[in-house]
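*Asks:* Got a structure here, written out as structure tokens. Questions coming.
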Amino acid sequence: MKRVDAHGLKIAPVLFDFIAKEAAPKTGIAPDAFWAGVAAIIKDLGPKNRALLALRDALQAKIDDWHRANKGKAFDLNAYTAFLKEIGYLVPEPATQKVETANVDEEIGKICGPQLVVPLTNARYALNAANARWGSLYDAFYGTDAIPHDPSESGKGYNKARGDKVIAKAKAFLDAAVPLATGSHTDVTAYSIVAGQLAVKLKSGNATALKNAAQFAGFQGDAAAPSAVLLVNNGLHVEVTINRNSAIGKDDPAGVADMVMEAAVSTILDMEDSVAAVDAEDKVLVYRNTLGLMNGTLSADFEKGGKTLTRSLNADRSYKTPDGKGEVKLHGRSLLLMRNCGHHMFTDAVLDERGEEVPEGLLDAAVSGLLAIHDLKGNSKVKNSRTGSAYIVKPKMHGPDEVSFTCEIFDRVEKMLGLPENTLKVGIMDEERRTTVNLKACIQRASKRIMFINTGFLDRTGDEIHTSMEAGPMIRKNEMKAQAWIKAYEDWNVDMGLIDGLPGHAQIGKGMWAAPDKMADMLAQKLAHPQAGATTAWVPSPTAATLHALHYHQVNVIARQEELTKGGPRAKLSDILTIPVSKSNWAPDDVKQEIDNNCQGILGYVVRWIDQGVGCSKVPDIHDVGLMEDRATLRISSQHLANWLHQGVITEAQVMESLKRMAVVVDKQNAGDAIYKPMAPAFDGVAFKAACDLIFKGREQPNGYTEYILTARRREAKAAG
């Protein structure tokens with residue numbers, strides 16, 4: 001490949017052309033000026049980036065030495081804490097200072113609700129996520145196990161018995177969230193608007209109204225016979241769709257055909273853990289899809305029922321005000337946030353003046369800023385931010401100095417692009433241990449830019465294992481969620497967010513529900529996230545977003561945060577620093593089960609990543625339950641096995657035997673995939689080798705990250721065709 005030279009950089013032609021012909025036009029930024037700015041940022045900040053990574057390695061080496069020096073002794077938490085302070089891992093906690101982030105959209109500062117994460121390599125998925133601001137509650141109940149499946153309800157076509165259960169459950173939700181003054185929504189025969197109020201007729205013949213008249217927010221159609229009634233609860237809207245001629249509405253006493261929930265309030269467009277972007281072509285695909293979302297032109301064709309359909313961004317939703325005289329406009333799409341790569345990644349899409357790969361996070365920030373201009377300047381028929389902000393999630397930062405570095409990058413990008421100061425907002429992923437223990441300082445370093453903090457249990461566990469690799473054998477993977485450090489970590493995140501005044505300025509978020517087919521379990525368990533004071537939490541699909549929205553109707557998060565603030569902080573640093581090592585002597589069958597579970601999960605994810613470039617997918621686990629896997633789950637599994645190997649719990653021979661046995665299982669699970677390349681019986685493919693590397697070289701991977709091995713092996717697979 002002949003690269004394009006510009007300002008000392010050597011740029012892949014596909015990226016150079018994308019910036020010149022697609023990204024830069026209509027932004028007011030000349031392509032040459034863009035590359036001049038990028039070159040200056042890389043020259044000035046590249047060395048600082050490398051120095052921060054070197055500090056990570058130096059701190060890890062000191063921690064490893066400390067554990068080795070104290071091997072065989074009872075763990076002394078006070079001595080350990082003092083040591084972490086001495087080496088600069090644990091910094092002094094700053095005085096409380098409230099954040100000052102300005103110009104954030106309501107979806108960040110005011111509205112509480114679900115958050116989707118979507119890989120930017122797939123345009124249709126990205127559009128589905130952006131459009132998941134609204135979702136059918138009837139469809140979500142009908143198509144999932146949120147209502148248990150009765151064998152008698154199976155078959156093609158609509159099953160009325162199941163449909164009746166769906167309608168009953170949906171109306172029970174409405175009774176709880178938007179109750180009537182008397183009676184139930186189940187007994188309604190007509191909704192109408194009289195004198196700016198919702199008038200409700202019951203089958204008894206009696207008239208009633210909403211218990212709280214302010215929950216009526218608008219309508220569509222005629223006041224006497226509306227086609228939609230808009231209700232609101234805890235800041236989230238519900239549209240009751242009325243159509244007496246529809247298949248569902250014709251049998252409903254009030255003609256109700258559906259309930260459309262305001263669902264995915266925000267969506268993370270992912271350039272990081274859920275994508276396999278290893279070269280310039282991959283990066284341009286990610287950037288091009290982002291551009292299409294920022295300028296409103298993205299579309300995707302797909303086949304359904306023998307027809308070709310085109311998906312594009314939904315328009316805003318329009319209703320009449322309750323008095324019928326004005327208009328209520330509601331956002332038709334999720335607020336879009338862009339997740340860039342972390343400081344540790346490098347890309348060959350651009351080489352610096354020494355011919356070395358440049359920090360990928362620097363390139364991502366510059367391109368993200370450029371693409372956001374299309375939204376900020378109004379180049380799109382639909383708006384993302386209404387307040388002049390662009391939202392960038394920054395993952396895998398270790399401690400406050402790295403947060404400061406991110407803010408410095410954003411400052412340079414704003415100056416380069418002529419954007420007002422603090423246009424680029426930052427989401428801090430609290431997924432590395434050094435960020436957790438110094439979270440207050442991290443928040444304050446970004447006090448004018450911060451737009452969210454979010455716990456990421458999966459990556460955080462991977463870092464927990466790697467940081468304390470020398471401390472001893474870790475407990476079994478499935479026991480990790482029950483440990484004291486996990487509860488403290490989750491509570492600490494909310495505590496610090498409330499202390500630093502994030503409400504009104506930034507989201508406080510919780511992690512992913514990883515089982516997209518287990519919606520009944522999600523409904524039972526994920527209520528805990530808003531109850532914990534989180535304003536948002538991650539879901540794996542638009543349907544899951546629709547169902548998780550129910551939890552924000554059950555819990556008034558703003559009121560819950562006020563309760564928690566009055567109660568004071570709940571988490572203790574001492575619990576967070578308690579290392580999850582085990583003194584157990586596990587039975588041989590338990591050890592074998594742990595190895596098999598980890599090996600199967602690693603192979604199931606890695607084989608698609610390496611051979612097909614799929615960075616996030618629903619991978620069947622060892623029990624054939626589909627789980628959403630990305631690099632975070634891979635990090636835990638590979639680090640867990642690396643720890644047990646290093647601590648002598650298991651042998652390389654045991655792991656290799658399991659890998660080969662589990663490869664056969666994974667091959668069978670993928671038998672229906674026409675482009676799948678089996679790993680057995682040769683076990684010599686690039687994907688199988690990558691899985692081996694992740695385990696057997698896991699201890700030497702910086703912070704236990706999987707990206708370096710995955711990227712190298714994916715490039716190898718692409719080169720081999």
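Note that Cβ sites are derived from N, Cα and C of the backbone, with glycine treated the same way.
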*Asks:* Starting from the acetyl-CoA binding annotation in Swiss-Prot that includes Val117, Arg124, Tyr125, Ser274, Pro540, which of Arg162, Arg311, Arg570 is the extra site residue?
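*Replies:* The candidate from Arg162, Arg311, Arg570 that Swiss-Prot ties to acetyl-CoA along with Val117, Arg124, Tyr125, Ser274, Pro540 is Arg311.
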*Asks:* Cβ distance under 8 Å to Arg124 (acetyl-CoA binding site), same chain, sequence separation 6 or more: which residues?
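*Replies:* In sequence order, the residues whose Cβ lies under 8 Å from that of Arg124 (acetyl-CoA binding site) (at least 6 apart) are Ala300, Phe302, Arg311.
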*Asks:* Tyr125 (acetyl-CoA binding site) has how many other Cβ neighbours within 10 Å of its own Cβ?
*Replies:* 19
*Asks:* With every protein chain in view, how many other Cβ atoms are within 10 Å of the Cβ of Leu458 (glyoxylate binding site)?
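*Replies:* Excluding its own Cβ, Leu458 (glyoxylate binding site) sees 22 Cβ atoms within 10 Å.
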*Asks:* Where the record says Arg339, Glu431, Gly456, Phe457, Leu458, Asp459 bind glyoxylate, what is the longest distance in Å from one Cα to another among those residues?
*Replies:* 17
*Asks:* Select one residue from Arg311, Arg339: among these binding-site residues, choose the one with the most other Cβ atoms within 10 Å of its Cβ.
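*Replies:* The residue with the most neighbouring Cβ atoms within 10 Å is Arg339.
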*Asks:* Can you tell me how far the Cα of Phe457 (glyoxylate binding site) sits from the Cα of Ser274 (acetyl-CoA binding site), in Å?
*Replies:* 16
*Asks:* Work through the recorded positions one by one (Val117, Tyr125, Pro540, Cys616, Asp630) and name whichever has its CA nearest to the CA of Asp459 (glyoxylate binding site).
*Replies:* Asp630
*Asks:* Just checking the binding-site residues Glu431, Gly456, Leu458: which sit within 10 A of Ser274 (acetyl-CoA binding site), CA to CA?
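*Replies:* So far as Cα distances go, none of the binding-site residues lies within 10 Å of Ser274 (acetyl-CoA binding site).
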